[in-house]
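Taken from Swiss-Prot, the feature GTP binding site applies to Gln11, Glu69, Ser138, Gly142, Thr143, Gly144, Asn204, Asn226. As annotated by Swiss-Prot, Mg(2+) binding site applies to Glu69, with the evidence given as similarity to another entry.
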Amino acid sequence: MREIIHLQTGQCGNQVGCKFWETISGEHGIDQTGKYVGTSDNQLERVNVYYNEASSKKYVPRAVLIDLEPGTMDAVRQGPFGDLFRPDNFVFGQSGAGNNWAKGHYTEGAELIDSVMDVVRKEAESSDCLQGFQITHSLGGGTGAGMGTLLLSKIREDFPDRMICTFSVVPSPKVSDTVVEPYNATLSIHQLVENADETFCIDNEALYDICFRTLKMSNPGYGDLNHLVSLVMSGVTTCLRFPGQLNADLRKLAVNMIPFPRLHFFVVGSAPLIAIGTQKFKTYSVSELTQQMFDSKNMMTACDPRKGRYLTVAAMFRGKISMKDVDEQMSMVQSKNSTLFVEWIPSNVKTAVCDIAPTGLEMSATFVGNTTSIQELFKRISDQFTVMFRRKAFLHWYTGEGMDEMEFSEAESNMNDLLSEYQQYQDATVEDAEEFLVN
(Lines of atoms letter the chains of each structure in order from A and count residues from 1; the text may use other names and numbers.)
(Lines give C-alpha, C1' and ligand atoms only; values in the text may rest on other atoms or scores of the structure.)
Protein backbone atom coordinates (compact mmCIF):
# COMPACT_ATOMS: atom_id res chain seq x y z
CA MET A 1 0.00 0.00 0.00
CA ARG A 2 1.05 3.60 -0.49
CA GLU A 3 1.87 4.51 3.10
CA ILE A 4 2.18 8.02 4.49
CA ILE A 5 4.14 8.74 7.66
CA HIS A 6 2.71 11.56 9.72
CA LEU A 7 4.96 13.80 11.84
CA GLN A 8 3.70 16.39 14.28
CA THR A 9 6.09 18.89 15.87
CA GLY A 10 5.63 21.51 18.55
CA GLN A 11 2.51 22.37 20.49
CA CYS A 12 0.44 23.55 17.55
CA GLY A 13 1.54 20.65 15.33
CA ASN A 14 0.65 18.11 18.00
CA GLN A 15 -2.75 19.59 18.71
CA VAL A 16 -3.66 19.82 15.02
CA GLY A 17 -2.22 16.34 14.46
CA CYS A 18 -4.26 14.77 17.26
CA LYS A 19 -7.44 16.28 15.86
CA PHE A 20 -6.54 14.81 12.46
CA TRP A 21 -6.14 11.33 13.97
CA GLU A 22 -9.47 11.71 15.75
CA THR A 23 -11.14 12.63 12.47
CA ILE A 24 -9.69 9.84 10.34
CA SER A 25 -10.04 7.21 13.06
CA GLY A 26 -13.74 8.05 13.05
CA GLU A 27 -13.86 7.68 9.28
CA HIS A 28 -12.12 4.31 9.35
CA GLY A 29 -14.15 2.95 12.25
CA ILE A 30 -11.20 2.72 14.61
CA ASP A 31 -11.93 3.38 18.29
CA GLN A 32 -9.73 5.05 20.90
CA THR A 33 -7.82 1.89 21.65
CA GLY A 34 -7.10 1.09 18.00
CA LYS A 35 -9.74 -1.65 17.66
CA TYR A 36 -11.83 -1.77 14.49
CA VAL A 37 -15.50 -1.19 15.28
CA GLY A 38 -16.66 -0.10 11.82
CA THR A 39 -19.31 -1.54 9.58
CA SER A 40 -18.05 -1.32 6.02
CA ASP A 41 -15.27 -3.10 4.12
CA ASN A 42 -14.32 0.19 2.50
CA GLN A 43 -13.06 1.43 5.84
CA LEU A 44 -10.42 -1.29 6.01
CA GLU A 45 -9.55 -1.61 2.33
CA ARG A 46 -6.79 0.99 2.45
CA VAL A 47 -6.47 1.57 6.16
CA ASN A 48 -2.76 0.71 5.84
CA VAL A 49 -2.00 4.10 4.30
CA TYR A 50 -2.04 5.69 7.75
CA TYR A 51 -2.18 2.71 10.14
CA ASN A 52 0.04 -0.21 10.96
CA GLU A 53 -1.80 -3.39 11.85
CA ALA A 54 -0.32 -4.80 15.04
CA SER A 55 -0.47 -8.46 16.05
CA SER A 56 -3.55 -8.13 18.23
CA LYS A 57 -5.71 -6.75 15.39
CA LYS A 58 -4.95 -3.29 16.75
CA TYR A 59 -4.47 -0.42 14.31
CA VAL A 60 -1.63 1.91 15.23
CA PRO A 61 -1.11 5.28 13.50
CA ARG A 62 2.09 5.72 11.49
CA ALA A 63 2.69 8.88 13.50
CA VAL A 64 5.76 10.37 15.11
CA LEU A 65 5.04 12.93 17.85
CA ILE A 66 7.83 15.40 18.54
CA ASP A 67 8.27 18.30 20.95
CA LEU A 68 11.10 19.94 22.85
CA GLU A 69 9.15 19.97 26.11
CA PRO A 70 7.11 17.19 27.73
CA GLY A 71 3.91 19.18 28.41
CA THR A 72 2.13 18.70 25.09
CA MET A 73 3.06 15.03 24.98
CA ASP A 74 1.55 14.45 28.40
CA ALA A 75 -1.61 16.17 27.25
CA VAL A 76 -1.77 13.90 24.18
CA ARG A 77 -1.24 10.79 26.31
CA GLN A 78 -3.99 11.81 28.70
CA GLY A 79 -6.33 12.84 25.88
CA PRO A 80 -9.06 10.59 24.51
CA PHE A 81 -6.80 9.10 21.81
CA GLY A 82 -3.67 8.83 23.97
CA ASP A 83 -3.60 5.02 23.84
CA LEU A 84 -3.87 4.92 20.06
CA PHE A 85 -0.26 5.95 19.41
CA ARG A 86 2.81 3.77 19.73
CA PRO A 87 4.57 4.76 22.99
CA ASP A 88 8.03 4.55 21.33
CA ASN A 89 6.96 7.18 18.80
CA PHE A 90 6.76 9.98 21.34
CA VAL A 91 10.09 11.81 21.09
CA PHE A 92 10.54 14.81 23.36
CA GLY A 93 13.15 16.95 25.05
CA GLN A 94 12.96 18.67 28.42
CA SER A 95 14.13 22.20 27.75
CA GLY A 96 11.65 23.72 25.27
CA ALA A 97 12.56 26.06 22.42
CA GLY A 98 11.05 29.17 23.99
CA ASN A 99 9.62 30.46 20.69
CA ASN A 100 13.17 30.71 19.39
CA TRP A 101 13.68 29.31 15.87
CA ALA A 102 17.43 28.99 16.41
CA LYS A 103 16.91 26.77 19.47
CA GLY A 104 14.61 24.49 17.49
CA HIS A 105 16.80 24.38 14.40
CA TYR A 106 20.36 24.55 15.68
CA THR A 107 20.76 23.79 19.37
CA GLU A 108 18.03 21.99 21.32
CA GLY A 109 16.37 20.55 18.19
CA ALA A 110 19.67 19.32 16.76
CA GLU A 111 20.28 17.28 19.92
CA LEU A 112 16.97 15.49 19.57
CA ILE A 113 16.88 15.07 15.79
CA ASP A 114 18.82 11.78 15.67
CA SER A 115 16.36 10.00 17.94
CA VAL A 116 13.51 11.38 15.82
CA MET A 117 15.11 10.11 12.61
CA ASP A 118 15.58 6.65 14.16
CA VAL A 119 11.84 6.43 14.75
CA VAL A 120 11.12 7.78 11.25
CA ARG A 121 13.39 5.14 9.69
CA LYS A 122 11.75 2.41 11.72
CA GLU A 123 8.34 3.53 10.46
CA ALA A 124 9.66 3.70 6.88
CA GLU A 125 11.03 0.17 7.15
CA SER A 126 7.69 -1.21 8.25
CA SER A 127 6.08 0.33 5.16
CA ASP A 128 5.49 -1.66 2.04
CA CYS A 129 5.81 1.10 -0.53
CA LEU A 130 6.23 4.45 1.19
CA GLN A 131 4.54 7.30 -0.64
CA GLY A 132 5.74 10.16 1.51
CA PHE A 133 5.52 12.22 4.66
CA GLN A 134 3.17 14.81 6.03
CA ILE A 135 4.15 17.27 8.74
CA THR A 136 1.87 19.41 10.89
CA HIS A 137 3.54 22.40 12.54
CA SER A 138 3.25 26.14 13.02
CA LEU A 139 5.69 28.64 11.56
CA GLY A 140 5.53 31.19 14.36
CA GLY A 141 7.05 29.31 17.29
CA GLY A 142 10.35 27.63 18.07
CA THR A 143 9.84 23.87 17.90
CA GLY A 144 7.31 23.53 15.06
CA ALA A 145 9.08 26.15 12.97
CA GLY A 146 12.73 25.58 13.84
CA MET A 147 12.82 21.88 14.53
CA GLY A 148 10.03 21.17 12.04
CA THR A 149 12.14 22.60 9.21
CA LEU A 150 15.27 20.80 10.47
CA LEU A 151 13.30 17.55 10.33
CA LEU A 152 12.18 18.47 6.83
CA SER A 153 15.74 18.84 5.57
CA LYS A 154 16.84 15.59 7.26
CA ILE A 155 13.96 13.67 5.67
CA ARG A 156 14.76 15.22 2.30
CA GLU A 157 18.36 13.99 2.72
CA ASP A 158 17.39 10.44 3.72
CA PHE A 159 14.39 10.02 1.41
CA PRO A 160 15.16 12.22 -1.61
CA ASP A 161 12.53 10.67 -3.89
CA ARG A 162 9.55 10.66 -1.49
CA MET A 163 6.89 13.34 -1.36
CA ILE A 164 6.90 15.68 1.64
CA CYS A 165 3.86 17.78 2.30
CA THR A 166 3.42 20.16 5.20
CA PHE A 167 0.33 21.57 6.86
CA SER A 168 1.77 24.82 8.12
CA VAL A 169 -0.06 27.20 10.43
CA VAL A 170 1.11 30.63 9.30
CA PRO A 171 1.17 33.55 11.77
CA SER A 172 -1.70 35.91 11.14
CA PRO A 173 -1.71 39.66 11.61
CA LYS A 174 -4.59 39.98 14.06
CA VAL A 175 -4.00 36.81 16.06
CA SER A 176 -0.41 36.97 17.22
CA ASP A 177 0.90 35.26 20.31
CA THR A 178 4.62 35.86 19.90
CA VAL A 179 6.55 39.03 19.17
CA VAL A 180 9.24 37.23 17.17
CA GLU A 181 6.77 35.43 14.86
CA PRO A 182 7.93 37.35 11.76
CA TYR A 183 11.51 36.12 12.29
CA ASN A 184 10.51 32.52 12.91
CA ALA A 185 8.11 32.46 9.96
CA THR A 186 10.54 34.04 7.49
CA LEU A 187 13.32 31.62 8.46
CA SER A 188 10.85 28.72 8.10
CA ILE A 189 9.50 29.77 4.71
CA HIS A 190 13.11 30.02 3.52
CA GLN A 191 13.38 26.29 4.35
CA LEU A 192 9.96 25.28 3.03
CA VAL A 193 10.66 26.83 -0.38
CA GLU A 194 13.73 24.62 -0.74
CA ASN A 195 12.71 21.35 0.92
CA ALA A 196 8.93 20.80 0.89
CA ASP A 197 7.01 19.48 -2.12
CA GLU A 198 3.63 20.85 -1.10
CA THR A 199 2.74 23.28 1.68
CA PHE A 200 -0.87 23.79 2.72
CA CYS A 201 -1.02 27.20 4.39
CA ILE A 202 -3.48 27.54 7.23
CA ASP A 203 -3.98 30.70 9.15
CA ASN A 204 -5.56 31.31 12.54
CA GLU A 205 -7.18 34.58 11.52
CA ALA A 206 -9.03 32.97 8.62
CA LEU A 207 -10.08 30.10 10.89
CA TYR A 208 -11.42 32.52 13.53
CA ASP A 209 -13.31 34.37 10.78
CA ILE A 210 -14.96 31.13 9.67
CA CYS A 211 -15.93 30.33 13.27
CA PHE A 212 -17.46 33.76 13.85
CA ARG A 213 -18.98 34.49 10.45
CA THR A 214 -20.01 31.16 9.03
CA LEU A 215 -20.43 28.98 12.10
CA LYS A 216 -21.80 31.81 14.32
CA MET A 217 -19.75 30.76 17.35
CA SER A 218 -19.44 33.25 20.19
CA ASN A 219 -16.01 32.28 21.53
CA PRO A 220 -14.21 29.64 19.46
CA GLY A 221 -11.21 27.92 21.04
CA TYR A 222 -8.23 26.20 19.44
CA GLY A 223 -10.19 22.93 19.52
CA ASP A 224 -12.70 24.43 17.06
CA LEU A 225 -9.93 25.78 14.82
CA ASN A 226 -8.14 22.43 14.80
CA HIS A 227 -11.39 20.71 13.88
CA LEU A 228 -11.57 22.88 10.73
CA VAL A 229 -7.97 22.07 9.84
CA SER A 230 -8.61 18.35 10.32
CA LEU A 231 -11.51 18.56 7.83
CA VAL A 232 -9.13 19.81 5.17
CA MET A 233 -6.41 17.30 6.05
CA SER A 234 -8.91 14.47 5.89
CA GLY A 235 -10.29 15.81 2.59
CA VAL A 236 -6.89 16.12 0.93
CA THR A 237 -6.05 12.53 1.81
CA THR A 238 -9.45 10.96 1.14
CA CYS A 239 -8.51 9.56 -2.24
CA LEU A 240 -5.57 7.75 -0.73
CA ARG A 241 -7.67 6.14 1.97
CA PHE A 242 -10.89 5.17 0.21
CA PRO A 243 -11.80 3.76 -3.17
CA GLY A 244 -13.03 6.40 -5.61
CA GLN A 245 -13.97 6.96 -9.22
CA LEU A 246 -11.11 9.36 -9.83
CA ASN A 247 -8.18 9.03 -7.48
CA ALA A 248 -5.45 11.41 -6.50
CA ASP A 249 -2.34 10.84 -4.44
CA LEU A 250 0.30 13.24 -3.13
CA ARG A 251 2.38 13.04 -6.29
CA LYS A 252 -0.55 13.41 -8.67
CA LEU A 253 -1.67 16.41 -6.68
CA ALA A 254 1.80 17.95 -6.94
CA VAL A 255 2.08 17.29 -10.67
CA ASN A 256 -1.25 18.97 -11.30
CA MET A 257 -0.83 21.83 -8.87
CA ILE A 258 2.74 23.06 -9.17
CA PRO A 259 3.68 24.72 -12.45
CA PHE A 260 6.99 26.04 -11.04
CA PRO A 261 8.79 24.19 -8.25
CA ARG A 262 9.11 27.10 -5.82
CA LEU A 263 5.44 28.03 -6.05
CA HIS A 264 4.07 25.18 -3.96
CA PHE A 265 2.16 27.12 -1.29
CA PHE A 266 -1.56 26.38 -1.40
CA VAL A 267 -4.66 27.97 0.05
CA VAL A 268 -7.21 25.47 1.30
CA GLY A 269 -10.92 25.40 2.00
CA SER A 270 -13.71 22.99 2.78
CA ALA A 271 -17.44 22.79 2.16
CA PRO A 272 -19.93 22.50 3.74
CA LEU A 273 -18.58 24.11 6.90
CA ILE A 274 -20.17 22.59 9.98
CA ALA A 275 -19.21 23.16 13.61
CA ILE A 276 -18.24 20.31 15.94
CA GLY A 277 -21.23 18.54 17.39
CA THR A 278 -23.88 20.30 15.32
CA GLN A 279 -26.42 18.32 13.38
CA LYS A 280 -26.73 18.88 9.68
CA PHE A 281 -30.21 19.85 8.54
CA LYS A 282 -29.53 20.57 4.92
CA THR A 283 -28.54 18.44 1.99
CA TYR A 284 -26.22 20.09 -0.48
CA SER A 285 -26.02 19.83 -4.23
CA VAL A 286 -22.80 19.75 -6.22
CA SER A 287 -23.38 23.31 -7.42
CA GLU A 288 -23.83 24.61 -3.86
CA LEU A 289 -20.68 22.85 -2.73
CA THR A 290 -18.77 24.28 -5.68
CA GLN A 291 -20.02 27.78 -4.95
CA GLN A 292 -19.13 27.52 -1.27
CA MET A 293 -15.78 26.02 -2.08
CA PHE A 294 -14.68 28.90 -4.29
CA ASP A 295 -16.05 31.50 -1.87
CA SER A 296 -13.21 33.45 -0.27
CA LYS A 297 -15.06 33.37 3.07
CA ASN A 298 -14.49 29.61 3.15
CA MET A 299 -10.74 29.86 2.71
CA MET A 300 -8.63 28.85 5.67
CA THR A 301 -5.84 31.18 4.57
CA ALA A 302 -6.15 34.93 5.10
CA CYS A 303 -5.74 36.14 1.55
CA ASP A 304 -8.37 37.11 -1.00
CA PRO A 305 -8.20 34.97 -4.17
CA ARG A 306 -10.12 37.66 -6.06
CA LYS A 307 -7.09 39.93 -5.79
CA GLY A 308 -4.82 37.45 -7.53
CA ARG A 309 -5.19 34.71 -10.12
CA TYR A 310 -5.35 30.97 -9.79
CA LEU A 311 -2.50 29.12 -11.44
CA THR A 312 -4.14 25.78 -10.62
CA VAL A 313 -6.91 24.35 -8.47
CA ALA A 314 -7.69 20.87 -7.15
CA ALA A 315 -11.15 19.92 -5.95
CA MET A 316 -11.81 16.70 -4.05
CA PHE A 317 -15.45 15.68 -3.82
CA ARG A 318 -16.76 13.00 -1.49
CA GLY A 319 -20.06 11.16 -1.55
CA LYS A 320 -22.35 9.57 -4.11
CA ILE A 321 -21.83 12.17 -6.80
CA SER A 322 -22.19 11.95 -10.54
CA MET A 323 -19.00 12.78 -12.41
CA LYS A 324 -21.06 14.61 -15.00
CA ASP A 325 -22.32 17.10 -12.39
CA VAL A 326 -18.82 17.68 -11.10
CA ASP A 327 -17.37 18.28 -14.57
CA GLU A 328 -20.19 20.65 -15.51
CA GLN A 329 -19.85 22.67 -12.32
CA MET A 330 -16.10 22.90 -12.63
CA SER A 331 -16.15 24.12 -16.21
CA MET A 332 -18.89 26.59 -15.29
CA VAL A 333 -16.79 28.07 -12.49
CA GLN A 334 -13.88 28.43 -14.87
CA SER A 335 -15.89 30.11 -17.62
CA LYS A 336 -17.79 32.39 -15.21
CA ASN A 337 -14.67 33.56 -13.41
CA SER A 338 -12.26 33.27 -16.29
CA THR A 339 -10.36 36.40 -15.20
CA LEU A 340 -9.45 34.67 -11.93
CA PHE A 341 -7.59 31.88 -13.75
CA VAL A 342 -4.40 32.39 -15.71
CA GLU A 343 -5.13 31.77 -19.37
CA TRP A 344 -1.74 30.26 -20.15
CA ILE A 345 -2.65 27.05 -18.31
CA PRO A 346 -5.64 25.84 -20.35
CA SER A 347 -7.31 23.40 -17.95
CA ASN A 348 -6.44 24.67 -14.49
CA VAL A 349 -8.77 22.50 -12.42
CA LYS A 350 -8.00 18.95 -11.32
CA THR A 351 -10.89 17.03 -9.77
CA ALA A 352 -11.00 13.86 -7.73
CA VAL A 353 -14.09 12.02 -6.55
CA CYS A 354 -14.27 9.55 -3.70
CA ASP A 355 -17.44 7.54 -3.07
CA ILE A 356 -17.28 7.57 0.72
CA ALA A 357 -18.70 10.70 2.34
CA PRO A 358 -17.30 11.96 5.66
CA THR A 359 -19.00 10.91 8.88
CA GLY A 360 -22.44 12.48 9.20
CA LEU A 361 -22.57 14.12 5.76
CA GLU A 362 -23.96 13.05 2.41
CA MET A 363 -21.35 14.86 0.39
CA SER A 364 -18.50 17.28 0.92
CA ALA A 365 -15.75 18.99 -1.02
CA THR A 366 -12.19 20.06 -0.27
CA PHE A 367 -10.54 22.87 -2.14
CA VAL A 368 -6.83 23.36 -2.77
CA GLY A 369 -5.77 26.41 -4.75
CA ASN A 370 -2.41 27.61 -6.02
CA THR A 371 -3.17 31.31 -6.26
CA THR A 372 -0.87 34.28 -6.69
CA SER A 373 -2.85 36.12 -4.00
CA ILE A 374 -1.03 34.07 -1.38
CA GLN A 375 1.68 36.68 -1.75
CA GLU A 376 -0.46 38.90 0.55
CA LEU A 377 0.32 36.47 3.33
CA PHE A 378 4.07 36.46 2.65
CA LYS A 379 4.09 40.23 2.15
CA ARG A 380 2.58 40.76 5.60
CA ILE A 381 5.20 38.61 7.27
CA SER A 382 7.98 40.13 5.20
CA ASP A 383 6.99 43.71 6.10
CA GLN A 384 6.93 42.89 9.82
CA PHE A 385 10.27 41.09 9.47
CA THR A 386 11.89 44.07 7.75
CA VAL A 387 10.72 46.57 10.37
CA MET A 388 12.28 44.53 13.18
CA PHE A 389 15.39 43.42 11.31
CA ARG A 390 16.35 46.97 10.32
CA ARG A 391 16.56 47.80 14.03
CA LYS A 392 18.13 44.41 14.80
CA ALA A 393 15.46 43.97 17.47
CA PHE A 394 15.53 40.64 19.34
CA LEU A 395 18.41 39.41 17.17
CA HIS A 396 20.59 38.58 20.19
CA TRP A 397 18.31 35.65 21.05
CA TYR A 398 19.18 34.09 17.69
CA THR A 399 22.86 35.02 17.43
CA GLY A 400 23.28 33.73 20.99
CA GLU A 401 22.37 30.26 19.66
CA GLY A 402 25.07 30.56 17.01
CA MET A 403 23.10 32.04 14.11
CA ASP A 404 24.56 34.66 11.81
CA GLU A 405 22.83 37.83 10.61
CA MET A 406 23.71 36.65 7.12
CA GLU A 407 21.14 33.88 7.44
CA PHE A 408 18.44 36.43 8.20
CA SER A 409 19.37 38.48 5.13
CA GLU A 410 19.29 35.35 2.96
CA ALA A 411 15.87 34.36 4.27
CA GLU A 412 14.61 37.88 3.65
CA SER A 413 15.83 37.97 0.07
CA ASN A 414 14.47 34.48 -0.63
CA MET A 415 11.08 35.68 0.60
CA ASN A 416 11.29 38.76 -1.63
CA ASP A 417 12.19 36.59 -4.62
CA LEU A 418 9.16 34.43 -3.90
CA LEU A 419 6.93 37.52 -3.81
CA SER A 420 8.21 38.78 -7.14
CA GLU A 421 7.81 35.34 -8.75
CA TYR A 422 4.14 35.26 -7.72
CA GLN A 423 3.69 38.80 -9.03
CA GLN A 424 5.38 37.95 -12.32
CA TYR A 425 3.03 35.04 -13.00
CA GLN A 426 0.00 37.04 -11.88
CA ASP A 427 0.73 39.69 -14.51
CA ALA A 428 1.79 37.25 -17.21
CA THR A 429 -0.37 36.87 -20.32
CA VAL A 430 -0.33 34.28 -23.09
CA GLU A 431 2.01 36.48 -25.13
CA ASP A 432 4.48 36.61 -22.25
CA ALA A 433 4.16 32.87 -21.90
CA GLU A 434 5.92 32.49 -25.22
CA GLU A 435 8.84 34.41 -23.76
CA PHE A 436 8.98 32.03 -20.78
CA LEU A 437 9.28 29.16 -23.21
CA VAL A 438 12.10 30.85 -25.09
CA ASN A 439 14.08 31.51 -21.91
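Glycine is treated like the rest: Cβ placed from N, Cα and C.
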Original post:
Since the record lists Gln11, Ser138 as binding-site residues, which of them has the fewest other Cβ atoms within 10 Å of its Cβ?
Top reply: Gln11
**OP:** Counting Cβ neighbours within 10 Å across all chains shown, tell me which of the binding-site residues Gly142, Gly144 comes out on top.
**Re:** Gly144
Subject >> Local Cβ density at Asn226 (GTP binding site) - other Cβ atoms counted within 10 Å >> reply: 25
Original post:
Near Asn204 (GTP binding site), how many other Cβ atoms are within 10 Å of its Cβ?
Top reply: 23
Original post:
Which one, from the binding-site residues Glu69, Thr143, has the smallest tally of other C-beta atoms lying within 10 Å of its C-beta?
Top reply: Glu69
Subject >> Where Gly144 (GTP binding site) sits in the secondary structure, as DSSP reduces it to three classes >> reply: helix
